[in-house]
Structure formats: structure tokens, C-alpha cells
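Asker: Let me begin by handing over the structure; questions about it come next.
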Number of protein chains: 2
Amino acid sequence: MNSVTIILAFAFLAILTAVIYALKVTRIQIGTEGGKDNESKKLIEISSAISEGAMAFLVREYKTISLFIAFMAVLIFFLLDNPETPDFNDGLFTAIAFVAGALISCLSGFIGMKIATAGNVRTAQAAKTSMTKAFRVAFDSGAVMGFGLVGLAVLGMIGLFLLYTHLFQNVGTLYLMEALAGFGLGGSAVALFGRVGGGIYTKAADVGADLVGKVEKGIPEDDPRNPATIADNVGDNVGDVAGMGADLFGSCAEATCAALVIGATATALSGNTDALLYPLLISAFGIPASLLTSFIASVKEGGNVERVLKIQLWVSTLIVGAVMYFVTDKYMVDSFEIAGKTIGKWNVYISLIVGLFSGMFIGLITEYYTSHSYKPVREVVDASKTGAATNIIYGLALGYQSSVVPVILLVITIVTANILAGMYGIAIAALGMISTIAIGLTIDAYGPVSDNAGGIAEMAELGKEVRNRTDTLDAAGNTTAAIGKGFAIGSAALTSLALFAAFITRTKTTGLDILNAEVFGGLLFGAMLPFVFTAMTMKSVGKAAVDMVEEVRKQFREIPGIMEGKAKPDYKRCVDISTTAALREMILPGLLVLLTPILVGYLFGIKSLAGVLAGALVAGVVLAISSANSGGGWDNAKKYIEKAAGGKGSDQHKAAVVGDTVGDPLKDTSGPSINILIKLMAITSLVFAEFFVQHGGLLLRLFQ
Amino acid sequence: MNSVTIILAFAFLAILTAVIYALKVTRIQIGTEGGKDNESKKLIEISSAISEGAMAFLVREYKTISLFIAFMAVLIFFLLDNPETPDFNDGLFTAIAFVAGALISCLSGFIGMKIATAGNVRTAQAAKTSMTKAFRVAFDSGAVMGFGLVGLAVLGMIGLFLLYTHLFQNVGTLYLMEALAGFGLGGSAVALFGRVGGGIYTKAADVGADLVGKVEKGIPEDDPRNPATIADNVGDNVGDVAGMGADLFGSCAEATCAALVIGATATALSGNTDALLYPLLISAFGIPASLLTSFIASVKEGGNVERVLKIQLWVSTLIVGAVMYFVTDKYMVDSFEIAGKTIGKWNVYISLIVGLFSGMFIGLITEYYTSHSYKPVREVVDASKTGAATNIIYGLALGYQSSVVPVILLVITIVTANILAGMYGIAIAALGMISTIAIGLTIDAYGPVSDNAGGIAEMAELGKEVRNRTDTLDAAGNTTAAIGKGFAIGSAALTSLALFAAFITRTKTTGLDILNAEVFGGLLFGAMLPFVFTAMTMKSVGKAAVDMVEEVRKQFREIPGIMEGKAKPDYKRCVDISTTAALREMILPGLLVLLTPILVGYLFGIKSLAGVLAGALVAGVVLAISSANSGGGWDNAKKYIEKAAGGKGSDQHKAAVVGDTVGDPLKDTSGPSINILIKLMAITSLVFAEFFVQHGGLLLRLFQ
């Protein structure tokens with residue numbers, strides 16, 4: 001079979017899998033068939049509120065996004081015109097790919113949210129009877145997102161590939177691949193809003209709910225008396241399902257585009273469709289590997305959920321690693337040449353393997369730094385004894401320190417892949433790292449579903465045993481979420497570097513010497529961007545949270561009987577506030593990310609832009625890892641204190657709550673948004689490469 | 001007059017000025033001539049305790065440093081041997097310059113501490129009668145440090161220059177200048193320990209004193225009942241006088257060395273001593289400019305101290321700017337060539353001016369972000385209303401955001417200087433930025449003297465009016481300290497870049513393309529270093545502070561009558577604890593900074609090392625600015641709340657105290673230490689350049 005057939009077949013397999021899992025989940029009845037008991041009615045009521053809130057947000061977010069997508073599409077259409085391709089309207093076809101990427105990413109997000117908000121209540125219900133069932137429902141819900149997204153992404157890319165190569169048989173493959181890169185930009189642009197907007201939403205709700213509920217009123221998490229509790233649960237979906245999905249969709253699409261563009265510069269690849277499509281084969285073969293693995297996902301009552309999830313990651317990783325050996329042998333050409341370097345097929349394979357495993361190790365080291373089973377978090381726990389200040393100091397230090405090993409792993413990956421297969425190797429390593437994305441995303445989406453299930457169980461007062469089961473599921477999800485974040489950052493780093501390399505290859509830029517003042521100036525400027533971006537997103541969460549706090553306080557004040565559980569709070573108002581704030585606050589950071597590369601390239605030229613990309617990349621990776629792990633560490637330090645140290649209400653716990661609250665926006669908004677910052681700036685540069693070649697460096701020309 | 005005569009004359013002028021100011025300060029009697037009243041006895045007793053504590057620390061620190069200096073000197077002696085200079089023992093003469101730099105830096109620190117601890121009590125006494133007198137005593141004490149340090153630095157460099165050029169008339173100037181660079185390394189190595197050790201000392205004492213005194217016991221700052229109060233006052237001297245002094249000594253020596261090395265590659269300069277010594281002329285002419293300015297430093301009772309200090313900076317800046325016009329015209333050659341680029345004398349002058357003024361602007365923007373008169377700190381004040389967590393979030397965001405303008409100013413400086421005068425221009429811009437260092441250091445050292453004076457006034461119970469006067473002096477010192485920190489970071493960035501350039505020039509490295517995997521891997525690794533370094537130093541402060549907290553708590557528990565003022569706490573124990581902790585904790589970060597460049601260069605070669613230097617530089621600058629300004633912002637937010645918002649003891653104030661405590665190590669230990677990190681790694685690379693040329697890249701050679 002040729003590559004195209006296989007890729008198409010596996011894409012459809014993924015979509016079919018998603019459909020089957022979706023049916024499996026949604027067919028579960030809530031309550032008995034005959035009539036609904038009171039408990040079930042309550043379950044339906046609560047989950048509908050969450051589902052409606054999530055959809056309301058998504059609809060409003062997509063409206064904003066569509067305006068933006070239209071604007072960008074027009075920009076692409078008018079700015080891009082390559083004189084080397086008179087027969088091919090670069091602007092138009094890049095814009096089409098861009099819109100396709102954006103739409104498919106939105107669609108994936110929508111499906112993920114739909115099923116997550118259907119799965120949460122069913123998980124809660126299943127938890128009434130057994131852990132095994134509850135786990136399976138949550139896992140299946142996650143799988144819809146995991147497989148659906150990968151299937152759609154792969155289908156979108158192979159579809160466009162077939163369309164463009166069929167329509168323009170006389171246009172060079174490289175130009176077509178460049179137009180295809182618009183798909184990555186589209187996916188990434190949606191991810192920007194998903195991560196930033198979603199991140200702000202979820203943390204505004206979370207911080208708002210905690211600050212008034214837990215701290216001021218002393219009521220537990222997910223207490224139905226807290227007006228922000230529905231918004232908080234909506235937020236888990238918005239941030240961790242739609243946001244994370246869009247982020248990884250972006251990584252997958254962008255890394256593929258980077259590999260295709262770089263690969264197309266090699267004649268041995270551009271003339272051989274099977275080999276050229278090798279990057280898509282990686283994602284495609286990840287699908288059956290993930291599917292096989294998902295069959296063994298099963299938890300016994302009282303079993304170790306975390307272990308089951310980690311085994312999922314390991315098994316799928318090993319299968320992909322093994323299968324790709326044969327795939328490489330069959331579909332990759334024996335050797336090809338890029339930028340004067342001869343690259344053998346096994347060099348490509350080893351690059352893939354290095355990326356694949358370095359992803360796993362980054363995940364595991366992330367777990368070491370954020371799990372309360374190990375020393376770093378225990379130190380934060382101890383530091384909390386002397387107050388909030390020392391808790392913060394140790395938590396920040398934990399994050400900063402946690403960057404060492406991932407950075408070294410990334411350096412090893414980059415250097416190895418580059419020595420073996422040049423910049424193509426780095427793109428392949430990035431794809432290797434996310435080749436098991438179907439199972440990875442399944443587990444990622446499993447987390448918020450379980451979390452929500454716990455919230456619903458609490459609100460519907462399903463009893464302690466049920467809550468214990470969902471808590472166990474949720475706790476495992478938290479650990480794997482940390483691993484997932486490690487993956488996301490690592491893959492973002494490699495993807496950006498690959499895109500960056502594609503950009504440089506494309507613009508044929510030389511003389512990017514770090515001591516060149518344009519390049520160095522760019523490096524310094526670029527290194528500052530992740531910090532400013534973090535500042536913006538942190539403050540956005542702060543502002544949105546203040547709005548939320550005020551609303552919650554107002555409701556407690558003005559609606560009599562809330563605290564006694566006699567009156568119902570106005571959940572919808574809180575959902576509205578989070579939605580409005582998130583959409584308002586995502587504009588400024590969004591503009592920063594999108595306009596910076598375009599303006600720098602236009603005004604200061606390609607060398608400065610290259611410097612900016614590299615500076616933002618290196619500083620951004622470190623800051624993103626630090627932010628995510630500081631946040632994760634604070635979170636788990638607090639949980640440990642609740643369970644095994646001072647306990648809730650102790651001074652130690654109060655200190656830990658401060659850290660947890662600071663960490664929330666860092667780990668769920670700012671940190672993950674940096675992934676998008678570095679990827680999006682790189683792919684924007686790649687897509688607008690031709691524009692910069694023709695018109696870039698306006699100011700430099702003026703001074704010369 | 002030739003350059004040499006002028007430089008020598010001004011160096012002696014500076015030393016003479018320092019001596020005169022020193023006599024002026026120390027001749028002030030404490031108490032009346034005839035016999036000591038009770039108050040004076042108390043003053044003497046307290047100030048002796050501070051002075052003894054400071055000296056005890058310095059002696060122990062210098063012992064540790066001398067071991068280290070001996071080790072490094074041996075390393076330099078054995079590792080350096082340039083086959084191109086058979087008649088010249090590179091290792092030996094670099095080691096001699098190294099030891100000279102280290103000794104002179106230690107001597108400057110010692111003098112600064114000696115006079116600061118003599119000036120503090122005299123300032124307190126003068127504050128009994130008048131603001132004008134008190135200001136003058138504090139300013140004069142600072143001036144001893146300012147002028148003494150610059151005089152000794154310039155004298156040391158010109159002395160070595162004369163010695164080496166006289167002894168080795170047949171050895172090329174470039175090789176001699178390289179040996180001279182050892183002087184910069186020596187100064188910088190002392191600065192490492194001064195900044196890191198001093199920073200840990202001062203903050204352990206401060207945090208320890210505050211956590212138990214202010215937070216737990218509710219007694220005011222500098223209350224004599226607090227056992228850590230003497231240690232706290234010692235810390236101000238150790239960190240802000242000796243540490244800051246060593247830092248700027250390092251910048252001055254390193255930037256001069258970088259300029260000399262780069263300049264010596266131009267035949268037109270290496271053959272013309274007047275022009276070659278232009279870099280030293282900048283520092284030399286800064287001396288009379290600063291001296292003239294210092295004459296107009298005067299404050300009326302109730303006058304605006306901050307304004308007086310800022311005028312000092314502006315006037316000295318303008319004088320240097322104007323004078324250097326004539327100096328450039330007279331001593332610089334009309335044009336010379338470096339690395340194929342022809343550079344005219346006015347290009348050099350403009351580079352100097354750009355550096356000079358961008359330093360001022362960086363200082364002013366730093367003030368904007370850290371003074372409570374402006375929006376950023378006010379936002380932190382507001383955020384404190386909702387608790388410690390939002391205080392932290394807004395404070396972190398403030399720091400991150402505050403890096404934008406300084407980074408842009410640095411980029412403009414770098415690009416302009418580079419366009420005009422290549423890498424020589426960047427070294428000159430760095431020297432321009434610190435050309436007014438004599439007055440800058442005067443003001444920097446004035447701060448802790450006033451701060452101490454306040455502490456002494458409080459402990460000796462001199463009355464409210466006296467304390468008000470010292471508080472006014474201190475407050476102005478805090479603002480100018482923020483400006484000083486901006487200068488220190490900016491100059492560190494330019495200095496490192498100049499050193500980096502000298503290193504590359506020296507090793508004749510080409511092909512430092514950012515997409516080269518060795519370079520990019522280095523960049524990423526380098527960007528991680530400032531974070532790890534920050535984590536280490538923050539935790540060191542945390543650990544040392546915990547030691548201190550336990551000691552203070554123990555004393556409150558075990559010495560009956562402390563709280564009632566009936567029994568005296570054991571101040572000495574606390575001083576000891578800070579000293580021991582600081583010396584213990586500075587080892588690890590110290591090793592990281594010194595061994596990293598040597599190991600990276602040896603194992604992975606010059607390209608990787610260049611990447612590491614550039615990565616550490618760009619990420620370090622941003623992190624250093626952020627850390628300093630977050631800390632400054634938190635500090636002033638707390639002060640504003642005390643004065644004009646919630647007031648002491650309010651919830652808002654409690655939240656602000658958390659931020660202030662987190663900010664303390666960030667702004668006074670970790671942030672400033674990053675200056676040293678980036679400079680020291682760069683000069684280590686430069687000094688060991690020849691070693692890397694001969695033996696670097698061991699691992700790379702193994703794999704090839």
C-alpha cells in the first residue's frame with residue numbers, strides 16, 4: 001500500500017474510533033429507564049448547567065476567533081505573492097489551508113467539549129457503583145477527543161495535500177508545502193485563543209471560587225452554595241479539554257508542516273510521495289498503536305489508576321517505536337540530501353526515536369518535580385510551615401530548578417537529531433515526541449472529565465464513597481496532566497525550532513551569527529517576550545478573578561439563605577463573567593504574539609526576526625517549564641498538607657493555599673500559553689516568509 | 001599631556017578625595033569631647049556591634065575568597081600557554097593580573113565597609129541637630145567608597161599596563177591586553193562572592209528579623225529587642241556596600257579589559273598608547289566630573305533629598321558627556337580598522353554617549369516601576385486588598401513587564417554602537433554607562449549608611465524627630481538604589497556582550513549561526529542557567545533565613561525578659577549564623593558560575609560555549625531586571641500601604657508583607673547575582689580563550 005492510502009485509512013480509523021467511543025458514552029442513560037429519581041434529576045440539572053456554560057463560552061469564543069480568522073485570511077491573501085510561481089496563487093491557497101486548519105481545530109475542540117460535558121456526569125453516575133466502570137467512562141470520553149482530533153488533523157492535512165498536488169501538478173512541491181503550512185498556522189491561531197482565553201476563563205473561575213468560597217467562607221471545593229462552582233467546572237473543560245486539544249493539534253499540524261517544507265527541499269523526497277509523506281505516516285501509525293493500547297486500559301476497584309495511565313503512555317510509545325522501524329524501512333528513501341548534507345533513512349528513524357523517548361523522560365521528570373511523593377514538593381511543604389512567603393520562595397525555586405533536566409534532554413535531542421538528519425531530523429523528533437498524541441490527549445481529557453465528575457458528585461450530594469472514587473480518578477489525572485504538560489512544552493520547543501529552521505531554509509538566509517548586532521538585538525528582544533506575555537496573561541487572570549470575586553461576594557451578600565443552602569446562587573452570572581473577561585483579556589496578548597513577527601520582519605528584516613524567534617524560544621521554554629512546575633508543585637504541596645501534614649485550616653495550609661493560588665494562572669494560563677507564543681511566532685514567520693523576502697527590513701533600508 | 005599621565009593623575013585625585021572624605025567623616029566625634037553622655041555611649045556600643053559584625057563577616061569571607069583565588073590562580077597558570085608568545089608566560093602574567101584584580105577589589109570593599117560603619121553612627125548623631133549635616137555625613141561616607149574604588153581600579157589597571165608594556169616591549173600588545181584581562185576576572189570573582197555571599201547574608205538576616213520580629217512578635221523594624229537586628233544592619237553593609245561595590249568594580253574592570261583587548265586588534269590603536277588607553281580615559285575623566293558634581297550635593301532641612309541625588313546623577317552624566325567630546329578629539333585616532341570595519345573617532349564618541357544616556361533612562365524607568373508614585377506599584381497595592389496571592393501575582397507581573405523598556409534601550413544601544421563602531425563600540429558604550437560610577441557608587445553607598453543610621457537611631461532611642469530625618473534620607477536612598485540597580489544590570493549586559501565579543505575575536509571563531517546545533521543547544525542551555533542560579537540563591541536565602549528564624553525564636557523563648565526590654569538578646573549569635581550560612585551557601589552557585597564555561601568549552605568547544613554565553617546573557621538580563629523590579633515593587637507597595645492605604649496590621653498590609661518577603665531575596669540576592677553570572681562566565685571564557693582554542697571540544701572530537 002502506498003503512504004496516501006495508509007494515512008487515509010488510519011485517519012478514518014481514528015474518526016471511527018472516536019464515533020464508537022462517543023456512542024458508547026452518550027448511550028449510557030442517566031438514571032433508570034422508566035423514570036428519573038431525584039438524584040438523577042439533580043445530576044442532569046448540574047451537568048446541563050456545566051454543559052450549557054461550556055457551550056456558551058465556546059460559541060462566543062468561536063465568534064471572536066472567526067472574525068480574527070477572516071482578518072488573518074485576508075492579510076495572508078494580500079501579503080503573499082511569490083513571483084517564482086506565476087501559475088499558483090500562493091496567497092489564496094495558503095489562506096484556504098489556514099482557514100481549513102482553523103475550522104478543523106475548532107471542530108475538534110467542539111467535539112471534545114461536547115463529549116467531556118456528557119462524560120463527566122456519566123462518570124459520576126458510574127462511580128456510584130464501581131471504580132472500574134467510572135474509570136472506563138472517563139477514559140472513553142477522553143478517547144473521543146484524542147482519536148477524533150488526531151483523525152481530523154491527519155485527514156485535513158492529507159486531504160489538502162491531495163487536493164493541491166492534484167490541482168497544481170506543474171507547481172513545485174516546495175511551494176505547495178508552503179501553502180500547506182497555512183494549515184498549521186490556522187490550527188495554531190485557534191490554539192492561541194484556546195490556551196489564552198481558555199486559560200484565563202478557567203483560572204478566573206477557579207481563583208474566584210477559591211478566594212471567596214474556601215478562604216473567606218470556609219466551604220469546601222465544588223460546594224453547590226458557591227456561585228462560582230459551575231463556572232469553575234466549566235473552566236476545567238474550557239482550559240484542559242479545548243485549550244490543551246488546540247495546543248496539541250497545533251503542534252501536530254505545525255511539526256508536520258515544518259517537516260514537509262524542509263523535506264520538500266530535498267529532490268529525493270519531493271519526487272517520492274511515499275517518502276515525502278513520512279511525517280504524516282508518523283502521526284498516522286500513532287493511531288493504531290494508541291488504539292491497541294487503549295484496549296488494555298482497565299482499573300480494578302481500589303486499583304492504581306495512575307499506574308494504568310502511565311502504562312498506556314509507555315506501551316503506546318514502545319509500539320510506535322517498534323512499528324516505525326518497519327515503516328521507515330518501507331517508505332523512507334535510502335538517503336537524501338538537504339542543504340548539502342546526506343541523510344540516511346536510519347538517521348531519520350533514530351531522530352524519531354530520540355524525540356519519542358525524550359518526550360517520555362521530560363514527562364517523568366516533570367512528575368518528579370510536581371508530585372508530592374518526591375523531595376521538591378516536600379520541601380515546599382516544609383517551607384509552608386514558616387508562612388506564605390517561604391512557600392512562594394521555595395515554589396518559585398522549584399520551578400526554576402525543574403527546567404534543568406528537560407532543557408538538557410531537549411539539547412541532547414536537538415544536537416543528536418541535527419547531527420543525524422539536519423533540521424529535518426528536528427522536525428521528525430518533534431513528530432516522534434507527539435506521535436502517541438491520540439493516547440496522550442485521551443489521558444489529558446480524562447483528567448477534567450474525572451475532575452468534573454467529582455464536582456458533580458459533590459454538588460449532587462452523591463455520598464462520600466462516590467466522591468472518594470472520583471477523587472482517586474482525579475488524582476491520577478493530575479499526575480498524568482503534569483506529564484502531559486511536559487510533553488506539550490517539549491514538543492512546542494522542537495516544533496518551533498523545526499518551523500524556525502523551515503523559515504530560514506525558505507528565506508535562504510545566511511549569516512545568522514549571534515554576534516551580528518541585528519541577530520543579537522533580536523535575541524535579547526525575543527527573550528523578553530515570554531516574560532511580557534506571562535505578565536499580561538497573569539494580570540488578565542488577576543483582573544478576571546477580581547471580577548469573579550466581587551460577583552461571588554455580592555451574591556453571598558445579596559441573596560439571603562445561600563450559606564444555609566436554602567437559596568440557589570445565580571451560577572449563570574458567574575459563567576457570564578468568566579466568559580466576558582476571558583474574551584476581553586485575550587485580545588492584547590493575542591495581538592502581541594501575532595503582530596510581533598510580522599512587524600519585526602517587515603521593519604527590521606529577516607535576521608532580526610530570526611533573532612527574536614530564537615530568543616523567545618530559548619527563554620520561553622525555560623519560563624514555560626518553570627511556570628508549569630512551580631504551579632504543579634504548589635498545587636500538590638497544598639494537597640499533601642491537607643492529607644498528611646498540617647491539615648486543612650492549619651497555618652501551614654493557609655500558606656500553601658497562597659502558593660496554590662499564585663500557581664494556578666502560572667501553570668494553567670501563562671505557562672501553557674508560552675507554548676503557543678513560540679510556535680505561533682515561528683509559523684507566522686514561515687507563512688509570511690516570502691513577504692519578508694520581498695518587503696522585509698524597511699527601517700534597515702531607510703538607514704542604509 | 002599624554003593619556004598615561006592624565007589617567008595616573010586622576011586615579012590619584014580619586015584616592016586623595018577618598019582619603020579627605022574619610023578623614024572628614026572619621027574626625028567627627030561621637031558625643032562631646034569632654035566625656036561621653038549616656039546616649040553617646042549607647043551609640044558607640046551599637047555601632048561597634050555593627051562594625052564588628054561587618055568586619056567579622058568580611059574577614060571570614062575574604063579567607064574563603066583567598067583560598068579560591070589561590071586555586072584559580074594556579075589553574076590559570078597551568079592552563080594558559082600561548083605558543084605564539086614563546087617569550088611571554090601568559091599563564092603567569094594573567095594569574096598576576098588576576099590576583100591583583102582580586103586583591104584591589106577586596107581592598108575597596110574593605111575600605112567601603114570600614115567607612116560605612118563609621119559613617120552610619122555619625123549620620124545618626126548628626127540627625128539629632130540637622131538634616132543638612134546628616135545628609136552630608138552620609139554622602140561623604142558614600143563618597144569614600146565611590147572615589148576610592150574607582151581610583152584603585154583605574155590605578156591598578158594603568159599600573160599593570162605600564163608594568164607589562166615596560167617589561168615586554170617585544171610581545172604584541174594584544175597578548176599583553178589579554179593577560180591584563182585577568183584583572184577583570186579577579187575583580188569579578190570577588191564580586192561573585194560579594195554579591196552572592198553578601199546577598200545571602202543580608203537577606204537571611206532581614207527575612208529572619210522580619211518574620212519573627214514584625215510578623216510574629218509585632219515589634220517594629222530595628223527594635224533593639226529583636227536579636228537579629230544587628231545582623232540585619234550588618235547585612236545592609238555587607239550586601240549594599242561591599243556587594244554592590246564589588247559588582248561595579250567588576251563591570252568597570254571587565255568593560256575596560258574588553259575594550260583594550262578588542263582595541264588592541266586594531267593596528268592604529270595598538271601602536272598609539274594615547275588612543276589605546278581611551279577606555280581608561282573614560283573612567284579617569286569620570287573622576288573629576290564626579291568630584292565637581294559632589295560639591296553641589298546639599299540638602300536643606302525639609303528639602304527634597306531624592307531630587308538632590310538625582311541631580312547628582314544628571315549633572316555628572318552631562319559633564320562626562322561634554323568633556324569626553326574634547327577628550328575623544330584629542331586622544332582618539334581619526335579612524336582605525338577592526339575586523340575589516342573602518343571606525344571613525346566620532347563613531348566611538350557617539351557609542352559612548354548612547355551608553356551613557358541609555359544607562360540614565362534605564363535607571364529612570366526602573367524608578368517608574370518600583371516607586372509608589374506610579375501606576376505599577378499602585379496596582380500591587382490594590383491587588384493586596386484581595387490577599388497575598390494576588391499581591392504576588394501582580395508583583396511578579398510587574399517585574400516581568402518592567403523588562404520591556406530596558407531591553408529595548410539595550411537593543412538600541414547595542415545595535416547603534418555596533419553599527420557605528422563594531423564590538424569596540426559596545427565595550428565603549430558599557431564604559432559610557434558606568435563612566436559616572438564614582439558618583440553612582442557614592443549614592444549607592446549613601447543608602448545603607450542612611451538606613452543604618454535609622455536603625456541606630458531607633459536602637460539608641462534617639463527620638464522621633466531624629467528617626468524622621470534618617471527615614472527621609474533612607475527613603476531617597478531607596479529610590480536611587482533602584483536606579484543604581486538598573487545601571488548595574490544594564491552595564492552588566494553591555495559588559496558581558498563586549499567580553500563575549502572579545503572572546504570571539506580572540507578565538508577567531510566563525511560560523512556562530514544560531515541554527516548550528518552546537519550553538520542553538522548552547523543557547524538553550526545557557527538560557528536555563530540564570531533560572532537555576534536564581535533557584536539556588538533563593539533557596540540559600542530561604543535556608544539561611546530558616547536558621548535565623550529558629551535562632552531568634554529560641555532567644556525569645558529562652559532569654560526571659562527580652563520582650564520587656566529587661567534582658568539583652570545575644571546579637572552576636574545571629575551575626576554568626578548569617579555569616580556561616582552565607583559562606584556555606586555561596587559555594588554551590590559559585591561553582592556553577594565558574595565551572596560551567598570551563599567545562600562547556602573544554603568538553604563541547606567554543607561554539608557551544610558561545611551559545612551558552614549568549615543564552616545566559618539574554619535570559620539573564622530579563623530575569624535580573626524582573627527580579628530586581630518585582631522585589632522593589634513589593635517593597636514600596638508595602639511602604640505605601642503603611643503610609644497611605646490600609647496601614648500597618650491591616651489585612652492589606654499582611655498581604656503586602658508576604659510580597660515584600662518574597663521580593664527580598666529576589667531583589668537583593670538573586671537578581672544582582674545574575675549580573676555576576678553573565679559577566680563572570682564571559683570573562684572566564686575570555687581569559688581561558690587560548691586554552692579552549694588548543695584543547696576545547698574534547699567530546700566533539702571523540703565523536704568525529
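One-based numbering along the chain as shown.
Here the Cβ of each residue, glycine as well, is placed from N, Cα and C on the backbone.
TrEMBL annotations: computationally assigned, not manually curated.
Annotations for this protein, taken from TrEMBL, read as follows:
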type     : residues  : note
TRANSMEM : B:6-23    : transmembrane segment
TRANSMEM : B:64-80   : transmembrane segment
TRANSMEM : B:92-116  : transmembrane segment
TRANSMEM : B:137-162 : transmembrane segment
TRANSMEM : B:174-193 : transmembrane segment
TRANSMEM : B:348-369 : transmembrane segment
TRANSMEM : B:392-415 : transmembrane segment
SITE     : B:A481    : site 'Determinant of potassium dependence'
TRANSMEM : B:487-505 : transmembrane segment
TRANSMEM : B:517-538 : transmembrane segment
TRANSMEM : B:586-604 : transmembrane segment
TRANSMEM : B:609-628 : transmembrane segment
TRANSMEM : B:674-693 : transmembrane segment
Asker: Relative to the Cβ of B:A481 (site 'Determinant of potassium dependence'), which residues of the same chain, six or more apart in sequence, are found under 8 Å away?
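Answerer: Spatial neighbours, sequence-distant, of B:A481 (site 'Determinant of potassium dependence'): B:D240, B:D444, B:G447.
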Asker: Provide the three-state secondary structure of B:A481 (site 'Determinant of potassium dependence') computed with DSSP.
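Answerer: Note: B:A481 (site 'Determinant of potassium dependence') is helical by DSSP.
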Asker: The transmembrane segment (B:487-505) and the transmembrane segment (B:517-538): do they have three or more Cβ pairs under 8 Å, with pairs 6 or more apart in sequence?
Answerer: no
Asker: Counting Cβ pairs under 8 Å to the transmembrane segment (B:174-193), which of B:137-162, B:392-415, B:487-505 comes out on top?
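Answerer: Selected stretch: B:137-162, with the most Cβ pairs under 8 Å.
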Asker: Using a Cβ-Cβ cut-off of under 8 Å, list the residues of the same chain that are 6+ residues beyond the ends of the transmembrane segment (B:64-80) and lie near it.
Answerer: 90-92, 94-95, 98-99, 102, 106, 182, 185-186, 189-190, 193, 197, 583, 586, 590, 594, 687-688, 690-691
Asker: Which range out of B:137-162, B:348-369, B:392-415, B:586-604, B:609-628 gives the transmembrane segment (B:487-505) the most CB pairs under 8 Å?
Answerer: B:609-628
Asker: Under 8 Å between C-beta atoms and at least six residues away from its ends: which parts of the chain pack against the transmembrane segment (B:586-604)?
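Answerer: Residues packing against the transmembrane segment (B:586-604) from afar: 64, 68, 72, 189, 192-193, 196-197, 200, 518, 522, 525, 529, 532-533, 536-537, 540, 612-613, 673, 676-677, 680-682, 684-685, 688, 691-692, 695-700.
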